[in-house]
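Written below as structure tokens is the structure these notes are about.
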Ligand SMILES: O=C(O)/C=C/C(=O)CC(=O)CC(=O)O
Ligand SMILES: [Ca+2]
Ligand SMILES: [Mg+2]
């Protein structure tokens, strides 16, 4: 497959990818839906009239919106048709766009000139806890090393309902939060800025098609509801978390900002990178069981760049495929009670840690609760994040002739704001 748009061989955004995002430019601040190709954006608002297939001919308005929710809600046949249409329009043998200089002028925007926005209005956000290595590590550090995994963990995908309001787009600064912590075990808690700020390397999927309240999504239909994926940093205040989480789970330690990457890579684009599911023992309940492969080989990487430094250090290399529970199982379990999900809902995977100690997806694990500081290339060390640190996450699938990239999910940690009270 070749496009008339030129890009390097291993660009994040070849014609095989075509991720969706929402962007604006200086001369038109109304956000528009676009597709990344090389280092350009194809503005779908300008070419919505070219979607003439049976699914989209009467639904072209979805490409005129300022968020992807309506398009996400159309379902798989429409997503497929849109992908085929865009792929054809961009292919080297298709003259329609290639040879129409006027339309091309309107339809393409350099990514360097665009401001990216959240791809969807996120009504609800849930975060799972599906990496067995991460859950085991946290269990050892926070609780009991002999019973690190809770008895429920291998029976259901554990998760918590998160906070949609504080999900932000890559590039948004994050302030070190204030909160209560237990500085000295056994003494009363203290109040002040978080001392143990951390990142969590995650991916998240956007829900496409909704279900009705009272009608659980079945495992055989689950794939039809999963639109696509982004990289996610679930910034975590570990000292606040440790004191507050009993018995209801994460609360303010994780509502200070959750960063996502701007380009939604569709499940359709990820199909060539499907790999074996993680082995599950005990066998899941029938409502969660599926034999088809629905795991993805996606390389993940986390870099830390200290304040005012141009020296970055890769502190973690992991892979999406280390997740124990598949995203289909997460979605099915989420709705088994009849809970309804909506287009644009965001479902975090949980921190993705591998087995090896350099594949752990958080500083809590990488520095083993601060007992093993990690060395950065600028000569400094980290147990947890310092003010001014920028955390950059990357994700990409490696094909023979092309990569499917996710772009970056980045954010800088700023010092705690002075409280006015
Ligand atoms: O086990 C705990 O007490 C802590 C769990 C988490 O940190 C929750 C979370 O965000 C899950 C995850 O990212 O895997
Ligand atoms: Ca998390
Ligand atoms: Mg949040």
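Using the three backbone atoms N, Cα and C, a Cβ is placed for every residue, glycine included.
As a whole-number mean, the pLDDT of the domain 'Fumarylacetoacetase N-terminal' (16-119) in this prediction is 98. Look at TrEMBL and you will find 16-119 tagged as domain 'Fumarylacetoacetase N-terminal'.
The secondary structure of residue 234 (Ca(2+) binding site), as reduced to three states from DSSP, is coil rather than helix or strand. Cβ neighbour count for residue 234 (Ca(2+) binding site) (all protein chains, 10 Å cutoff from its Cβ): 27. TrEMBL lists 127, 200, 202, 234 with the feature Ca(2+) binding site.
The annotation domain 'Fumarylacetoacetase-like C-terminal' is assigned in TrEMBL to 127-408.
Cβ-based neighbour count (10 Å, all protein chains) for residue 351 (substrate binding site) stands at 29. What TrEMBL records for 129, 143, 241, 245, 351 is substrate binding site.
Non-local neighbourhood of residue 134 (active site, proton acceptor): 350, 351, 352, 353, 360, 361, 362, 365, each in the same chain, at least six residues away, with C-beta under 8 Å from its C-beta. For 134, the entry in TrEMBL reads active site, proton acceptor.
The Mg(2+) binding site feature in TrEMBL is assigned to 234, 254, 258. All protein chains shown were included, and the count of other CB atoms within 10 Å of the CB of residue 258 (Mg(2+) binding site) stands at 28.
Around residue 143 (substrate binding site), no same-chain residue at least 6 positions away in sequence has a Cβ under 8 Å from its Cβ. Cβ neighbours of residue 202 (Ca(2+) binding site) (same chain, under 8 Å, six or more residues apart in sequence): 127, 231, 232, 233, 234, 348, 349, 350, 351, 352, 361. In this structure, 258 are the binding-site residues from 127, 245, 258 whose C-beta falls under 6 Å of some atom of ligand 3. Cβ neighbour density within 10 Å is lowest for 245 among the binding-site residues 129, 245. Residue 258 (Mg(2+) binding site) is 18 Å away from residue 245 (substrate binding site) when you measure Cα to Cα. Spacing of residue 254 (Mg(2+) binding site) relative to residue 241 (substrate binding site) is 8 Å (Cα to Cα, whole number).
Proximity of the binding-site residues (143, 200, 258, 351) to ligand 1: a Cβ under 6 Å from the molecule is found for 200, 351.
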